[in-house]
Amino acid sequence: MVFRKLPGVSASGMGLRLSQKFVFLLFLSALVTLCFGALFFLPDSVRLKRIFLSKTETQPVTVGSGSENDVREHFKKPKEQDHPRGMTSAKGESSTRLKSLRRKPPLPPLATEERLSGGRAQEDLTLSRTRTESASEKASAADRGSDSDTFSYARFQRCLLKPPLGRDHGKPSDPRTAERREKVKEMMKFAWDNYKLYAWGKNELRPLTKNGHIGNMFGGLRGASIIDSLDTLYIMGLMDEYNDAKEWVKTSLDLNSNGEASLFEVNIRYVGGLLAAYYLTGEEVFRSKVLELGEKLLPAFSTPTGIPRGVINLGSGTSWSWGWASAGSSILAEFGTLHLEFVHLTELSKNPIYTEKVMNIRKLLNKIEKPHGLYPNFLSPVSGNWVQHHVSIGGLGDSFYEYLIKSFLMSDKTDGDAKKMYYEAMEAIEANLVQKSPGGLTYMAEWRGGILDHKMGHLACFSGGMIGIGADDGAPEKRQHYLDLAAEITHTCHESYSRSATKLGPEAFRFDDGGEATATRLNDRYYILRPEVIESYMYMWRLTHDPKYREWGWEAVQALEQHCRVEFGFSGIRDVYTTAVSHDNMQQSFFLSETLKYLYLLFSDDDLLPLEDWVFNTEAHPLPVIRKSCLQDEVTQEKTVSE
């Protein structure tokens with residue numbers, strides 16, 4: 001191939017021009033790079049930057065709310081970007097949102113902590129109070145979002161008034177009380193170790209035969225004692241045992257069951273237990289499990305009235321009423337003992353359906369007529385009418401009343417409907433059910449269509465504590481009256497213990513035929529490790545600090561050790577009136593969840609799970625007070641800081 005030489009151009013001249021072109025191209029490239037970089041680093045080019053980034057980042061797309069928060073979600077710190085919950089798409093953004101991008105001086109580090117009081121400055125809360133850090137490795141990934149529609153564990157912690165476990169895990173300064181508390185802790189470890197050894201994964205331990213019990217109350221769910229024990233182990237500092245329980249939940253808790261489950265029992269034990277474990281530890285596994293389980297309970301509400309039926313198949317969603325329930329009715333204590341847990345399911349999921357379900361129950365109860373202001377125990381889920389006029393503060397009715405006052409307290413005292421219903425119910429109870437025996441004992445009788453049955457069940461003995469915690473928020477002139485009534489009821493329940501040979505109380509005791517606070521029927525003489533009397537001791541101690549309540553609690557510890565402790569666990573007994581005891585071979589899960597926990601709290605300082613921050617569900621699982629105004633302030637503060 002022949003190359004022609006162009007006229008007037010020498011070889012050396014061509015080389016020079018090529019060098020000039022090369023330099024020019026280098027200059028042009030540098031200029032383009034500088035301009036392109038400006039798009040990313042100059043403040044006025046943020047929107048262009050977002051356009052470029054949105055083409056390369058993979059993000060889950062949610063419906064934009066049109067709020068300034070959507071813009072900030074695109075500029076999370078690298079630590080936050082790995083969690084998809086906090087991200088939204090760029091769809092629907094407007095230029096007005098650019099106002100949120102103007103930098104403001106950061107607030108002082110303590111600005112977000114001004115509401116903290118008590119022991120909030122402790123080292124064990126340092127991580128939870130730092131915005132740029134997660135609560136711990138346990139905290140859920142959702143914490144790292146600033147979206148008010150996402151639950152934040154760190155935000156929740158900042159709205160507590162005091163540390164959940166107190167300054168020193170509630171350890172009392174008095175040596176004798178501390179020794180008694182250690183004894184209760186030893187009892188818990190003994191009960192747990194034997195459950196783990198002989199019944200691991202089953203619902204309860206049979207300590208005499210050294211095997212597990214499953215039963216049909218939980219519809220195929222397993223591990224009731226594990227779920228019920230999580231928070232007890234944690235607050236007692238039994239961390240190896242707690243970690244074993246947590247690992248079982250993570251690897252072995254199977255919620256895909258098909259069987260007849262009690263809506264009530266699954267709710268108070270499994271839902272309550274998982275909620276409490278999550279709020280105390282921040283472990284995401286508890287949150288994900290409880291939300292999965294909560295969804296499985298919703299079909300029980302598919303009735304003409306929205307009043308749930310008592311039994312549900314967790315697999316198929318089919319629900320029905322108990323066969324023994326009169327005319328296919330639902331039970332007051334069962335459908336009335338869902339409110340605390342379901343409100344927290346809404347908090348964690350941000351799905352209002354759970355709160356809507358329980359609020360619908362309340363609306364119906366407010367609408368229908370109540371005989372003498374009382375709530376009968378049986379209600380038709382089809383017609384919404386009462387089926388029988390049997391009223392009891394014990395079995396079938398008990399925890400409905402408890403959940404009214406606790407709903408009010410858990411709402412940071414904003415739930416006016418719950419407050420009104422509770423105090424109106426208390427007036428009706430005092431007018432119709434509260435009685436005084438010839439021997440001067442105050443008790444709660446049962447009411448059957450206007451006829452009083454002078455019987456009080458062990459289950460009704462929770463009411464001393466209930467009336468006590470409700471004393472402050474009723475009419476001011478009745479505060480002392482309620483405290484006195486609470487003390488009288490608790491005293492009567494203690495009498496039912498002290499008048500037995502074993503110093504443990506019967507399942508039910510009567511005030512007729514010349515007897516007082518004693519079981520007169522053979523089938524009422526058993527004790528199955530129930531907690532209600534000790535529950536009232538704990539509350540009355542917290543409210544009054546009268547030392548007799550701790551002494552009564554210690555009497556119960558000694559009686560449990562002497563008559564219920566067997567070689568491989570604890571067992572209920574068939575007759576409290578004989579010291580030649582016959583054991584029922586069952587270590588109930590609520591013994592671990594309630595009886596031992598309330599004893600441990602009784603011998604602890606008041607800052608262990610302080611009542612200002614926590615309410616206990618009817619299975620003694622602590623659930624936090626929901627401070628809506630504080631949580632909203634936290635969201636606003638986070639938005640301000642991020643700007």
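Cβ atoms here come from the backbone N, Cα and C positions, even for glycine.
Features as listed in TrEMBL:
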ACT_SITE  E265  active site, proton donor
ACT_SITE  D398  active site
ACT_SITE  E507  active site, proton donor
ACT_SITE  E532  active site
BINDING   T618  Ca(2+) binding site
COMPBIAS  59-68  compositional bias 'Polar residues'
COMPBIAS  69-85  compositional bias 'Basic and acidic residues'
COMPBIAS  112-123  compositional bias 'Basic and acidic residues'
COMPBIAS  130-147  compositional bias 'Basic and acidic residues'
DISULFID  C461-C493  disulfide bond
REGION    59-148  region 'Disordered'
Nearest recorded site to C461 (disulfide bond) by CA-CA distance, among recorded positions E265, D398, E507, E532, T618: E532
Residue with minimal Cβ packing [other Cβ atoms within 10 Å] among the recorded positions C461, E507, T618: E507
E532 (active site): nearby recorded positions from E265, D398, C493, E507, Cα cut-off 10 Å: C493
Distance [Cα-Cα, Å, rounded] between E265 (active site, proton donor) and D398 (active site): 14
Cα-to-Cα gap, C493 (disulfide bond) vs D398 (active site), nearest whole Å: 15
Cβ packing number for E532 (active site), 10 Å threshold: 24
Least buried by Cβ count (within 10 Å) of the active-site residues E265, D398: E265
E507 (active site, proton donor) to T618 (Ca(2+) binding site) - Cα separation in whole Å: 18
Rounded to the nearest Å - Cα separation of T618 (Ca(2+) binding site) and D398 (active site): 10
Surrounding CB atoms that lie within 10 Å of the CB of C493 (disulfide bond), all protein chains: 28
